[in-house]
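Take this structure, written in structure tokens, and hold onto it; I'll ask about it next.
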């Protein structure tokens with residue numbers, strides 16, 4: 001081999017080896033040296049992404065118990081603490097549900113269909129002695145929770161929606177303290193607003209007291225997985241050493257907001273429309289909004305994005321759970337698709353639903369018949385445009401039969417129908433009306449006067465019906481010719497109109513006499529047979 005190649009390979013391997021040694025030394029001596037930086041639990045510890053600093057082991061809990069004088073607590077508070085620790089051991093938090101893994105496929109489909117209406121706070125499990133009621137999905141009313149040591153917490157049914165938020169990487173919600181009595185009447189009244197993991201002992205613990213949870217308490221304390229100080233320890237007056245007062249105390253009409261940045265796992269708190277502080281970073285577990293009360297009745301209203309936020313930045317950047325108004329800001333599979341904007345022409349051009357409306361015009365019902373037994377399609381008014389005259393549509397056979405049954409007319413060819421109506425004088429219109437009535441009622445009265453033979457052969461009956469049909473056809477022909485003559489000549493005097501009427505009556509009399517003669521001959525033939 002060429003010695004130059006061997007030398008090049010040796011130099012390359014030595015450089016790579018030196019780089020590996022340098023990187024390993026940097027990770028050992030420099031990694032995580034900053035005290036303010038949060039470290040993460042690796043796969044060897046619970047396999048989750050939770051800040052190690054806020055997790056309490058048994059040694060830390062014993063230290064907290066001794067620090068806050070656990071032995072001098074009331075029996076109820078001691079029992080609540082021991083019961084909470086037992087619940088955590090038997091039902092540990094599911095730290096594997098990270099970055100939206102708590103959502104199943106069915107949950108994702110439900111959020112697509114219902115949007116923000118899919119979120120609601122869970123009702124109290126004890127229906128008979130319920131301590132709170134959830135109204136309108138996001139209004140929580142604690143009404144039977146004013147007894148000593150009574151504790152209850154309501155949790156949202158779904159965790160924070162952190163998936164498929166490409167353009168809005170922050171989830172935010174606000175809670176308004178609608179009603180809360182605090183003072184001499186209720187000195188131990190206490191509530192907490194925050195985030196918890198499931199399962200959580202909501203029947204007897206407030207948010208922030210068990211792993212893993214965080215809460216903003218009404219006394220101003222910030223609780224992160226710490227069972228101490230207890231609520232009663234925080235109500236020992238202004239000189240109490242347990243009131244840290246990290247945050248401003250909460251009262252009625254205050255609005256508390258919690259935000260979560262999906263990309264960095266940062267949790268922050270707002271109060272009355274102003275950002276207060278960032279609580280932690282690097283928390284990627286699925287958290288559920290929760291509201292709890294201790295020995296007090298209160299009413300809370302939670303805003304998940306269905307209304308405008310008090311914190312203006314959340315409105316501008318669309319930090320709500322699911323955006324219904326601006327789907328483009330929160331792109332992805334979750335959320336409701338925006339309805340077509342009918343007022344915007346640029347949007348309507350590319351909308352397939354609106355384009356189909358032009359291709360498929362609606363079918364309106366047929367117009368009603370006028371006094372003369374014709375629809376508006378058969379009438380051609382003088383002065384109408386040529387376009388409207390050309391727009392004539394043929395009726396189907398069923399429609400023709402229905403019209404003929406309604407009018408009581410026999411079938412007449414459409415060529416013989418008069419479709420032109422002009423501004424004729426009243427005398428001509430009266431004549432038209434009389435002729436039309438005679439045309440309708442005449443054949444019926446004649447046929448009814450000449451009854452069909454009750455007893456006879458089939459030939460005699462057929463001859464009778466043939467004669468009746470010929471009589472009606474001749475009658476129709478005569479009346480139509482007379483009507484055409486009247487409309488063409490347009491008589492200007494009443495004398496001409498009376499003459500036309502007399503001629504018509506004479507014609508009808510002659511036709512009747514002819515029919516009677518024919519019928520008599522036919523009856524004589526039948527008798528001879």
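Don't overthink the numbers, they just go from 1 along the chain as shown.
Just so it is clear, glycine is given a Cβ too, placed from its N, Cα and C backbone atoms.
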From 145, 182, name the one Swiss-Prot lists as N-linked glycosylation site.
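Annotated as N-linked glycosylation site in Swiss-Prot: 182.
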Using only C-alpha positions, which one of 157, 182, 211 is spatially nearest residue 439 (N-linked glycosylation site)? These are the glycosylation sites in the record.
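Going through 157, 182, 211 one by one, the closest to residue 439 (N-linked glycosylation site) is 157.
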Over the domain 'B30.2/SPRY' (101-309), work out the mean pLDDT and round it to an integer.
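Taking every residue in the domain 'B30.2/SPRY' (101-309) and averaging pLDDT yields 89.
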What's the CA to CA span in angstrom from residue 211 (N-linked glycosylation site) over to residue 157 (N-linked glycosylation site)?
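It is 19 Å, counting Cα to Cα.
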Once the DSSP letters are reduced so that anything not helix or strand counts as coil, what is residue 182 (N-linked glycosylation site)?
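DSSP assigns residue 182 (N-linked glycosylation site) to coil.
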Give me the count of other Cβ atoms within 10 A of the Cβ belonging to residue 211 (N-linked glycosylation site).
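A 10 Å sphere around the Cβ of residue 211 (N-linked glycosylation site) contains 22 other Cβ atoms.
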Might you list, by sequence position, any residue in that chain lying six or more from residue 157 (N-linked glycosylation site) with a Cβ less than 8 Å away from its Cβ?
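Expected: 119, 120, 121, 122.
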